[in-house]
Amino acid sequence: MEQQESEVPPLPPRFRFRDLLLGDQSFQNDDRVQVEFYVNENTFKERLKLFFIKNQRSSLRIRVFNFSLKLLTCLLYIIRVATDNPGQGLNFFCVYLFFCFWFAQVIVAIISFLETMLLMYLSYKGNIWEQIFQVSFLLEMINTVPFIITIFWPSIRNIFIPVFLNCWLAKCALENMINDVHRAIQRTNSAMFNQVLILICTLLCLVFTGTCGIQHLERAGKNLSLFNSFYFCIVTFSTVGFGDVTPRIWPSQLLVVIMICVALVVLPLQFEELMYLWMERQKSGGNYSRHRAQTEKHVVLCVSALKIDLLMDFLNEFYAHPRLQDYYVVILCPSEMDLQVRRVLQIPLWSQRVIYLQGSVLKDQDLLRAKMDDAEACFILSSRNEVDRMAADHQTILRAWAVKDFAPNCPLYVQILKPENKFHVKFADHVVCEEEFKYAMLALNCVCPATSTLVTLLVHTSRGREGQQSPEQWQRMYGCCSGNEVYHIRLCDSKFFGEYNGKSFTYASFHAHKKYGVCLIGIKREDNKSILLNPGPRHIMAATDTCYYINITKEENSAFIFNQEERKGRPARGNYDGPSQLPVHSIIASMGTVAMDLQNTSPPDLSGGKLVPPTINGTGGRRPSIAPVQEIADSSSILPCDLLSDQSEDDSVFIDEKGHSPTEYVKGYPPNSPYIGSSPTLCHLLAEKAPFCCLRLDQGCRHNSFEDAKAYGFKNKLIIVSAETAGNGLYNFIVPLRAYYRPRKELNPIVLLLDNPPDNHFLEAICCFPMVYYMAGTIDNLDSLLQCGIIYADNLVVVDKESTMSAEEDYMADAKTIVNVQTMFRLFPSLSIITELTHPSNMRFMQFRAKDCYSLALSKLEKVRQILSNRDKGSNLAFMFRLPFAAGRVFSISMLDTLLYQSFVKDYMILIARLLLGLDTTPGSGYLCAMKVTEEDLWISTYGRLFQKLCSSSAEIPIGIYRTESHIFTTSESQVSVSVDDCEDTKDKGDESRSNDQSDHPLLRKKSMQWARRLSKKSVRWQGASRDSSKDHAQRIAQQRLNLYRRSEREELSELVRNRMRHLGLPTSGYDEQNDHQNTLSYVLINPSPDTRLELNDIPSAGGGDQNRAKRLARILIVLLLCLLDV
C-alpha cells in the first residue's frame, strides 16, 4: 500500500481553469481525461442575453446609456422649441428643424431603434404580438421610425414628431436602472425608495408631457411659450386654477382633459401603493441609519413582547443618568407595536431618541437594521408573563447566541428567569437571574426586614426629593433617604476618602460618615477583581483601592463648602460625644449638584479610655462615652463579629426544648446543587441526610411520629413559603437562611407549602439542610395553613404562581394572590405576610381598607408623585410611599429590572447586590444582618454614635434603619377615631388611632350595647368642654361603635379558626387574635444622617408621673448592618 501511494503523481503547482482552455504543453503527456462542460451560454443568443440582461453590471451600463439617450432627446426637443420661430408656419404637423438638430435626432433614433429590436429579439418567448403591443415598444416606434424614414425621404424632415414622449421611456429606463443597482449591491429593503421614485417620475412626466403638448398645439392659437405652458400645467395639477393662462383652441383643450383624466387614474394608484408601503414600514420600523450609528451612540433593547410598563421603566431609568442623554435606544421586537406604546413613542421626549424596529433577533438582516455591530450594548429581556417560563428562557438563550454570533464585541446584558438556564448565557457581560434574586430577597426579608425595599431603592435612580411636601415626618425622612444610591471612586481621586490612605477600613467608613454623611460599604483592590463588603479593620486602605459608598449623589457632582474655622486652619474642638457638635448635613440640590455644609469635625482622641458602660438609672453627670475607632487594627482590642467562634454554639449537637431526638449540625457546602452554576455557600448542614419521609411535615414515618408543627416543639418561629411548584429557585431561599454566619440558635424552621408535591431531585438537594420541611397544600385552604403551623409562624412568604402570571386583562394576574393574602391578613392579623406580585401597580390593594382615610391620602400622594415624575422631578417609583412596600411586605420582581439597566453605567451593581443577598460569598467580605435596638441602648442617642459604637466594638457598618411606629392621625384628617383600649380609662382622651375599614352594621350585639352605655356615662365628664369639640365627640362615639363591631367580627373569625383547629386535632392555645399590627407603619431609612435620633419608647419622666397617662408612641428600631465576616 505504501508503494502504491508513493506512485501517485502530485498535482501541478499552478493548475488553473484557463489551462484547460488554452492548454499546457508541460502536462500533455499526463494520463488525464479532458472533460468539457456544455451550457446554453455557448450559443450567440445566450451570450448576448447574458451581456444585455442577465449580467448585473453590464446590463446596468446598458440601461444607464439608454436613460442618457432618452434625456438627450428631451433636451434636444427643448432646445428646438426655444429656437423655434412661430412666424415660419402655424401648421400642427410641420416645424422648422435645423440640420444639426435633425442629424442628432436621427443618430439617437437609429441607436434606440437598434437597441429596442435587439432587446425584443433577446426577450422573445414565442408570442410576438405581446411584445409589439407593449406601450414602451409603441413609443419607441413613434419616436424613432419617422426619423429613420426622413433619411430616405428628405422632403418630410420638418414633420413634427412628439419626441417629448421619450420622457416616459426615460422613466422606465430609470426604474430598471435602479432595480439593477439594488440587485448589484444586494439591497433588498428598497421598495419604499422605488415607490417614491416612481411617484416623482410620474409627476414629472405628466407635467413635461402636458407642457410640451400644450405649447405645440397652441402654436395655432395664443402661441404660448414653453414657460407659460409649464406655469399653466403646475397651476392646473395643483387645483389652484388662476385662469390667467388658458388654452384657446380645442386640440389643446382636449389634451388638457386627457392629461387630467390620466392624472386622476395614475396618481391615486401611485399614492395608494406609497401609503401602503409607508404603513408597512411604520409597523416594521424601518432601519437605523448607518451614518447615525457611526456618529451617535445607541443601545439595542431586545424583547419578545413590549409592554408599556416595561418600556417606561427602561426609559426612565436609562435616561436618568446625565451622560446617557445623547444615546439612542433601538427596540427590536418581533411583535407589532401596540397602541399604548405607539402613543408614548410619539411624545417629543421619546420620539427623537427611541426607534422601534419590528423584527427578529435570530435574523441577521434585522440585526443589521438595528446596527447591532455598532451598538454600545444589547439588553435582552425575558417575557416573565409567559405561562411556560422555561420556553421563555429558551427564546432568550437563542437571542443571546444570535447577538453574540453577529456582533461578538457588543456587550450583552441578559435577563434570565430560571437559574438552571443561567450557564447557557454565562458568556454575557452581565446576567440577572430573576428567580435567584427573588427568592434570596424574600428569604432575607424574613431575617432582615425590608431587604426588598432596601435593594429596590438602592438600584433605582432618585434625587431624594420625594415626600418633602408631605405633612408627615416619616414620609419626609423616608423620601429623602430613598435618594441614596451606590457609587464608586478611586481613593486617590476622592475628597471623601483620600485622607484615610493608610488607615483601616472601619476607621475610614466611620469618619467619612461622620464628616460627609457618606457610608463606605466596600472596596476593591487594584490587583483583585472581587469586591469586599466591610472587609473590617484589618484591611488597610491603599491609594489604588476603589471605594464603594452609599450617598445621595456621587462625589463628582458635589461641591464642598468648608466653615470658617477650617479655612483658617484652626484645630477642631471637642469630641463626637456632645450633641451640639454633631455635623449638620444640609443637602441643597441645584442643577444636579449637592452642596454639603461641612462642620467642624476631627478624628476622636485616640488616647481616651476604653468603652465606659452606661449607667442604668441615667443619673450620671454626663452621657456615657464610646470608645474611639482605631486608625490601625489592634488584634487585642478588636472583637470581630465572628459567628463561627460563638461559645454558645461550641456543642454541635442541637436539642430542642422538649428533649426530642438530638440533631447534629456541621458546617460545609451543600453536597447536591439542584442546577449548574449555583454559587457554593458554606452552610449549616445535617451530619447525615434526612430521609425523604422525614421532610414531610404533616405525615409521620417510621423515624418520627410528628404530624404537625406543634409536635416538633420548635424553639424559633416558623418561616412558611407558599409556592406553586418546588422549582430550583427555592434552593436560593433556603441557602441564605442556612448560611454558616447565621447563629444556630437563631435558625428558623422553614416549611414549604407547595401546590404540587416536589420531585426527588429537589428533595435530594434540600435533605441536607436542618429544619426544612414541606407539605402539599394551598394558601386558600385554611386547613392547609393550620396544618403547616401558621399560628407558630412569624413570616409567611407568598410567591407569585406561574400559572396566574398571565390573564386576559394584564393587571388581573394578581387577583387571586391579593384576595388570598387579604383573607390571611384578616384571619391572622399578627402574621407578617411577604407577598410577591406580578405588577407593582397592584401594591395599592395589599391590606386594603376601603374607609381608611390615611390610605386614601397615600393614594392621592401617589398620583401627585406620578405627575412630578413626568416632570423629571423624582424617581419613577410611584408606589414607594405605599405602606406595604415601605414596610417590605410586598415585592415585585419587575422592580429589579433596573438592576440590569443600571449595570450599563455601574458595572458593579449586580455583584454588590449578590453579595448583599448572600448569592455570592467572597473570602473576607461581610454579610447583611439586622440588630434590634433595645431599651438599654437608648443611651447611644443618635445614629452617628451608634455608627461609632458598632465600628469600635464589633467592626460592623450600619447602612440603614428599619423603624416601626404607631400611627397617629393629624387633626387635619377628615376622620378621627379612638381605640377600644382607650375607652377603658377616662383619662385617655387625647389619643387617636387609625380608622377601620369595616362598614357600619345595622344591628349591634349585646356586648356592643354594654360598651355604648359605658360611653354614654363617660360622656357626662366631657360636658365642660367647649362647644367646638361636640362634633369631634360625635365622631369619637361613632368610631367607638365601629371598633366594637370590628372586635366582634374578629371574634367570629377567631372562633372559625379555633373550630377548624379542633376539627384537625390541633391545640388552640397558640392562636391569639388580639395581637394586631394594623395601627402601625414601618419604613426603612437608608444611610440616615448622623444626627438622626434613635427612638424606641418615650419613657415617662421620673417622679409622680402623668395624671392623664397618655398613651405613648411606640417605635421598634431595627438597624441593618454589614457585619464583618472573619474567615
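Glycine is no exception: its Cβ is also placed from the backbone N, Cα and C atoms.
Under the heading compositional bias 'Basic and acidic residues', TrEMBL lists 986-1003.
Annotated domain 'RCK N-terminal' per TrEMBL: 296-432 (among others), in sequence order.
Restricting the average to the domain 'RCK N-terminal' (716-856) gives a pLDDT of 85. Summarising the annotation, TrEMBL assigns domain 'RCK N-terminal' to 716-856 (among others).
Annotated region 'Disordered' per TrEMBL: 602-624 (among others), in sequence order.
Under the heading region 'Disordered', TrEMBL lists 980-1006 (among others).
What TrEMBL records for 64-83 (among others) is transmembrane segment.
Long-range contacts of the transmembrane segment (89-114) within the same chain, counting only residues at least 6 positions beyond its ends with a Cβ under 8 Å from a Cβ of the stretch, are 66, 69-70, 72-73, 76, 79-80, 83, 140, 143-145, 147-148, 150-151, 157-161, 163, 216-217, 219-220, 251. Summarising the annotation, TrEMBL assigns transmembrane segment to 89-114 (among others).
What TrEMBL lists as transmembrane segment is 196-214 (among others). Listed as Cβ neighbours of the transmembrane segment (196-214) (distance under 8 Å, sequence separation of 6 or more from its ends, same chain) are residues 74, 77, 81, 162, 164-165, 167-168, 171, 174-175, 178, 224, 226, 229-230, 232-234, 236-237, 247, 252, 255-256, 259, 262-263, 266-267, 270-271, 274.
Per TrEMBL, the feature transmembrane segment maps to 226-243 (among others).
According to TrEMBL, the transmembrane segment annotation covers 249-271 (among others).
Same-chain residues lying 6+ beyond the ends of the transmembrane segment (226-243) with a Cβ under 8 Å from its Cβ atoms: 78, 81-82, 203, 206-207, 210-212, 214-215, 218, 256, 259-260, 263.
Outside the transmembrane segment (64-83), and at least 6 residues removed from its termini, the chain residues within Cβ reach (under 8 Å) are 95, 97-98, 101, 104-105, 108, 111-112, 115, 143, 163-164, 166-167, 169-170, 173-174, 177, 208, 212, 215-216, 226. In the domain 'RCK N-terminal' (716-856), helix, strand and coil residues by DSSP number 60 helix, 29 strand, 52 coil. Residue counts of the domain 'RCK N-terminal' (296-432) by helix, strand and coil are 59 helix, 28 strand, 50 coil (DSSP-based).
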